Amino acid sequence: MFAASKIQRRAFTASARNLSKVTVLGAAGGIGQPLSLLLKLNPRVTELALYDIRGSPGVGADISHVNTKSSVKGYDASPEGLAAALKGSEVVLIPAGVPRKPGMTRDDLFNTNASIVRDLAKAAAKHSPEASLLIIANPVNSTVPIVAEVFKNAGVYNPKKLFGVTTLDVVRASRFVSEIKDTDPKDENITVVGGHSGVTIVPLFSQSSHPDLSSDAELVKRVQFGGDEVVKAKDGAGSATLSMAMAGARMADSVLRAAQGEKGVIEPTFVESPLYKDQGVDFFSSQVELGPNGVETIHPIGPVDAAEEKLIEACLGDLKKNIEKGVAFVAANPGN
Ligand SMILES: NC(=O)C1=CN([C@@H]2O[C@H](COP(=O)(O)OP(=O)(O)OC[C@H]3O[C@@H](n4cnc5c(N)ncnc54)[C@H](O)[C@@H]3O)[C@@H](O)[C@H]2O)C=CC1
Ligand SMILES: O=C([O-])CC(=O)C(=O)O
């Protein structure tokens, strides 16, 4: 108890002084590079720590020439480099891991990415246990529970500080709707709930200003499988990186704004959630109000129509399996 409140006080003090170290693990990758650049442009970030198993000193040197006030360092690929990148961090973003190729599902990435995320989570539990962790690496439905299990094993799990980044799904939904309705995407606020893969992604158009769109099966499918569009177009060269960097930078900014005292900051994000716990689904993405200590309020789903009810039902079955797979992985492979 005492340790937790001391940690919270320290984090709050740094935030109140508006000193925010942000760390990117996987900083030299397709997402990591543009994400790091966007974070360098964010005045709320005062120190940017970049880590990767290859190339982060170069990315750090490059970004450090951008003329904004924050300091930037690309750390060596070593346990010491990783520890230093994490130490004192307020927000840690994890895009480290392999992306999909055409024909793969996100779950096909599990075998490679589960151990990458587990090992980075172990380092974070040791060196930055109080940080907000923003998990981008896929399959998010499983990597977030993996991080939770690692933090539980280390005795430092705080469910208010663990976020699966599902922002890209709402970014896409608002963009796709604006194309159909000829509106400005910034005025489109589409709630997307569930998880982050295929049918676990559930847009709730009935709650938007275009309730008619909930029966547009093609649009619903486009939101659910938007990632596949990019994977196909990149034709073997990976998946969404630039739009994902924008979405990740937006999520990090929201976490920092809330940490610095801004009220009413709401983002959809995949968190440990009470909403479907009675059905054995411990993590779920819905609208979450953020505060100085991370998750402040998890909003209920709200009214949905019959079509959306069916989508949620389909979502829960897959999501439960994805979550259980992550939990089982750490139980069987706790790592060194
Ligand atoms: N949450 C979301 O909405 C999205 C998630 N993704 C996921 O993000 C992940 C990264 O995608 P890309 O950046 O395109 O891949 P990438 O292959 O371009 O970059 C990944 C980077 O991670 C690094 N890395 C690998 N193991 C590491 C370790 N142990 N420690 C530190 N760095 C390590 C690699 O060296 C590489 O630079 C993928 O799993 C992808 O599926 C992609 C788009 C959207
Ligand atoms: O589709 C992928 O594999 C990457 C991803 O998560 C997305 O673009 O939403």
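Glycine residues also receive a Cβ, built from the backbone N, Cα and C atoms like all the rest.
Annotations in TrEMBL come from automatic prediction, not curation.
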Gly26, Ala27, Ala28, Gly29, Gly30, Ile31, Gly32, Asp52, Asn113, Ile136, Ala137, Asn138 bind NAD(+) according to TrEMBL; which of Met244, Met246 goes with them? Met244
Cβ proximity for Ala28 (NAD(+) binding site), under 8 A, sequence spacing 6+, ordered by residue number, returns Leu50, Asp52, Arg54, Gly55, Ser56, Gly58, Val59
Near ligand 1 by the Cβ criterion (under 6 Å), the binding-site residues from Gly26, Arg172, Met244 are Gly26, Met244
Cβ neighbour count (within 10 Å, all chains shown) around Gly32 (NAD(+) binding site): 27
Could you check which of these recorded positions, Gly26, Gly30, Gly32, His196, Met244, sit within 10 Å of Arg106 (substrate binding site), going Cα to Cα? His196
Smallest number of other CB atoms within 10 Å: among the binding-site residues Asn113, Asn138, that is Asn113
Taking Cα atoms as reference points, rank the recorded positions Arg100, Asn138, Arg172, His196 by distance from Gly26 (NAD(+) binding site) and give the first. Asn138
Asn113 (NAD(+) binding site) and Asn138 (substrate binding site), compared by Cα position, are separated in whole Å by 7
